[in-house]
Each structure stands twice: as structure tokens, then as C-alpha cells.
Amino acid sequence: MGARASVLTGGKLDRWEKVRLRPGGRKRYMMKHLVWASRELERFACDPGLMESKEGCTKLLQQLEPALKTGSEGLRSLFNTLAVLWCIHSDITVEDTQKALEQLKRHHGEQQSKTESNSGSREGGASQGASASAGISGNYPLVQNAQGQMVHQAISPRTLNAWVKVVEEKAFSPEVIPMFSALSEGALPQDVNTMLNAVGGHQGAMQVLKEVINEEAAEWDRLHPTHAGPIAPGQLREPRGSDIAGTTSTLQEQIGWTTANPPIPVGDVYRRWVILGLNKVVRMYCPVSILDIRQGPKEPFRDYVDRFYKTLRAEQASQEVKNWMTDTLLVQNANPDCKQILKALGPGATLEEMMTACQGVGGPSHKARVLAEAMSMVQNQGRADVFFQKGQGAGPKRKIKCFNCGKEGHLARNCKAPRRKGCWRCGQEGHQMKDCTGRQVNFLGKGWPSRSGRPGNFVQNRTEPTAPPIESYGYQEEEKSQEKKEGESSLYPPTSLKSLFGSDPSSQ
């Protein structure tokens, strides 16, 4: 950390620690901000040693400035930190970050006006060429030397190392495209080819990329046909598709086309072709469709949003279609818990409001809250049911009857009539109704227990099933007579009157 923190020492460090992060804020710049900035520069394949001088900070600011429009919040913070550091090296006193940015912008405007005035003092074509060169003198990798000439600065090994590491780790995932766009900002076709040739693996993907470049080069030749006739001395020829791809053009020709008046940005055109090919390769390496991205039942909404937008970056569609996918599929493919919350927010909710509302959904606290709400609803419903049963029953109200006087509308304990003596059931004295042994009745109003030995709610006389008579053939009649005799004999018990009187002539 000592090497990183040695960017500022002495009085410069004291002035650095007096600068506020925000206008009117309490927090100020500290040593840790310098350490963080050096680490971020290494991550962006830049040399942290340039932070030790004013010229180095100027180079870093020129390299980071083109990516500010599409850069992240971390990139803007890095640019602001370098702007304050540039003011410290330039002995410009500033109070906060906003003042430092204003000083940097003012200085940049003065330098640009000086460059334009110097270029306007030159004569003829040299004046036009110098003014065109001054307009892009800050663009990497073309820099202006002390003699005012545009020279090419080769791509650094740090940039190549960062590019190769991204390809090896990400394997053409959607984030490879913005990384290539950032590393190749302002590069010439020769620099872009150097970056592509540095990729050792994934040769199948590189072949697909080469086919896309050839198709775009053929389309360029069709839309930009060459003019017939000889080329004037000192005039550059018009670039063909193969010249833009860097296969049939030299480095000096590429610099000449880029710095011509009007310029032909062959590097930007070639980068656009490569990005088209990378989009095709990313779609090949990431076959997952945005329609298949669904939130799991226990997946946090933040992770689901990250997966959704990562897949959305790989989708080859217009911005209008992507906006429709975001507005529709992001809510439609969420889990039921988050979907209920998102629908309650309405269609005009922002992503920040969605993530804030769905924060913690699926976790232990959310489950406990849902369980508590469900139990509260059940308890409230139970209280309402009990109140309904006690207060206002669904059926007709039962009339009460007094056992003492026999009138309705009051109970016996509230009866004002004289107390009736004896049992209220049988009318006899000597016992109460609860001890009455009189005849009881069942729910049918009949005596209990039944005298017939069978409860009164059973059928007393059961009819036997009948069948058609059987045809008689003689021997069946004999069997019937025998059965009849057996039946008659079974009616009498073993000890009958016949055995008492012996041979009774009337019984024969």
C-alpha cells in the first residue's frame, strides 16, 4: 500500500485531504481514495504510475473520457478522482469535486482554442491537415508529437492481457462485447487485428467472426464503389472493405484515412463489424432465450434481475423490443410472491422501486411475516365465526319455556308464579325431575324401553319375499306333507299335553 499511496506527499497530500467529495458535504478525500483509484486503473489495463504527474493524469483522463457516456458509476468516480488529482498536480486550489471538474473543463477549452489558433496560422493544405489533426490529437492511439505530427501509439501489453483474460474467463458471454468496445476505443484496424490474433483458443468462434467481417466488407464494397480514373498525386485512395479490415492496407494509410479532411474513420467502421460478429458469437455461446429466464421459488429478486438483464444483453433485438421485454417479461416470469407485489406497484413502476419492494422476498423474514399475516387472518375469522354463532345464529331463534308455569318467554328460575310442588315430569312429590324414575320416551315419543324388546324405530312386522309356486309332480306333495307334519311337531315343546294324557283318542 505504501507504493500506491506515494502518489502525493507533503503539501500536495494536505491539499488533497482538504477537498470535499460533494459540494457542502462532510466527507473529504483520503489516502484510501488514491489506493482505490490505482487498483481501478490496473483493472482497466492502465498504468497507475501515471497518477504521479500532471501529464500522466492528463493521459488517463483523455483515455477515460470517451467511455463516460456509457460507463458505469465506478468509471465516473474514477474520472472524478483523477480530475481532483490533476488539479492538485497543477497547483489549482479547489473546494470539491464539482469545482475540479469545472477547472478541468475550462483548461481543456483553453487548450483547444490555442490549438485551433495555431492551426489557423498555417498556410494551404498544411493548415487544413493540421487543423484536422488537432481535432483528434487526443484520441488514442493517435498522438501528436513535439513536431505536431500524428504518430501511432501501439496497443499496450496490459490492454492485450486484459482482453485475453476476459475471453478466457468469460468465454464470449455478453459482457465481452462492452469490454472489447472499451479496450479498443479509438484503435486502428491494425490494433483491432492484434487484439483478435491474441486470442489463442475458441478458434471456432473466431472463424464465425471472420465470416461476419468478410460479409460486411463485401457490403461496404457494394455501397462504396471506386471511382474510375487515376488518383491525383498526394491524394489517398478510397478504402476498400479489405483495407478497412487491415488485410490490404498499411499503417500509414490507416492513419492517413483517419486524419484526412474529411476523415474516414476506418478504425470505428472495423470495430463496428467486429462487434456485429461478437454479437453472433455470443448468441451462439449463450443459447438461453430471454423467455426461459424465470425466477425460482426461493431465488432473491435481485439475482433474478441480474440474470434477466444479462440474457437481455445477448438478445439481438432493437431497443424498443428490449424495452417491451423488460416491461412485460420481467413481471410475468417472476415467482408468485414477487409477482403479487409487482402487480400492486402498477405498470409505471421503475426498476429501483421494484427491487426495493421485493427486497427480502423468499427469505426467513418474509416467510415469517406471511405466516403471521395468515395466522392473524385465521384468528380474526375464528373470532367472527364465534361471534356469529353466539350473537346471531343462522337458524330460527329457539323459544324457551318455563317448567314451573308452562309459559314461554322465561325460565323457571325467573318465574314469578308460585313454585309448583313435586316433580315437573310426573307431578308426584318426594323427588325432583332429575331423579324421576317415571316412564321415559324416546325421540319418537314412544315409551322406553320398548315392551316388544325391539326399539320403536325398527320395523315390527317384516314381510318375507315371495316367489311363484313350483309345479307339483306327486313326490313334491309328499315332501310338503312331511314338512307340514314336521312343522306342526316343532310347534309343541318336547313335554306337551300328549305325553301327559297318554293315548288320547282326540289327538289321533
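Residue numbers in this text run from 1 along the chain shown.
A Cβ is built for glycine as well, from the same backbone N, Cα and C atoms used for every other residue.
Given the ranges 16-22, 58-64, 128-134, 142-148, the record in Swiss-Prot names 16-22 as motif 'Nuclear export signal'.
The stretch that Swiss-Prot tags with zinc finger, taken from the ranges 76-93, 328-345, 400-417, is 400-417. Looking at 69-72, 237-240, 465-468, the stretch flagged in Swiss-Prot as motif 'PTAP/PSAP motif' turns out to be 465-468.
Counted with DSSP, the motif 'Nuclear export signal' (16-22) comes out as 1 helix, 1 strand, 5 coil.
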